[in-house]
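A quick write-up on the structure given underneath.
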């Protein structure tokens, strides 16, 4: 009964489906200033949100009654097909690749989607003509799995309908840790109290947040400022006019001048280890919810950071930081700033 109601698009429950896309695809998908997404929201009646951030992957969250979700998916599938057709007109390929979408589904619902001995997923493949694959492993730092669907737009729409039925019949069990794509990691250099990221052959001033964090850490910690281990850039990298700051991107000197950000080069200092002790009551703010903060510190500093388990009777925890002296120094700044 539920299946017939859902396939007619008439089940008035609010459902959320999460879709994983690559930033590049999303670029073509958004159209000018997000016009495509705006049009999809208006025409489908579904709420469509795209995760922000400097990530190669984006999460697209589609929420609404089932019929609104199907309309949104239909528009996405046809838009993807249009993109494939357009890209084929410029290439020599003769066979048209299928439209492929990746859903992100709580792992606790994947068993119902696969069915006993794979019966459910086989039934979905046969009745819709779409290819459906459920990833064996969970996505990093989450309890969700990727479900890849490929086929013609019509096959994909039918497939999403059947997946919605399964998700409504078998709600997730326990808490779900949602998958959050990791930012594209770019090296960060500090010089003259300002943070810079490397883009190609240029040093681009990094968003203020990191600079402020660095300045805060400089005031709070007794370590050698990183700016002193990093040659300052020639010329002026920034000028302040009132509150507006305009920046000039300068070509970088050879990267060997920055041993702290080139672990692959011979010029880089050897890895070493540094230990810190942190009071137990402060460890939570360093680890962050589900490890988000410590992972950020690992990513920003490029250092390996291990936190020892709590020992009975001790009011402190040991943190071991491994990396180049610059990696360690930055990790210490970030830990102290937390």
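Quick reminder: no glycine exception, Cβ is built from N, Cα and C everywhere.
Heads up, TrEMBL stuff is auto-annotated, nobody curated it.
Here is what TrEMBL says about this protein:
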DOMAIN    13-81  domain 'K Homology'
DOMAIN    97-168  domain 'K Homology'
DOMAIN    270-338  domain 'K Homology'
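When pLDDT values are averaged over the domain 'K Homology' (270-338), the model yields 86. Each residue in the domain 'K Homology' (13-81) gets a DSSP state, and the totals come to 37 helix, 20 strand, 12 coil. Per-class residue totals from DSSP over the domain 'K Homology' (270-338), listed helix then strand then coil: 34 helix, 20 strand, 15 coil. Summarised by DSSP class, the composition of the domain 'K Homology' (97-168) is 37 helix, 20 strand, 15 coil.
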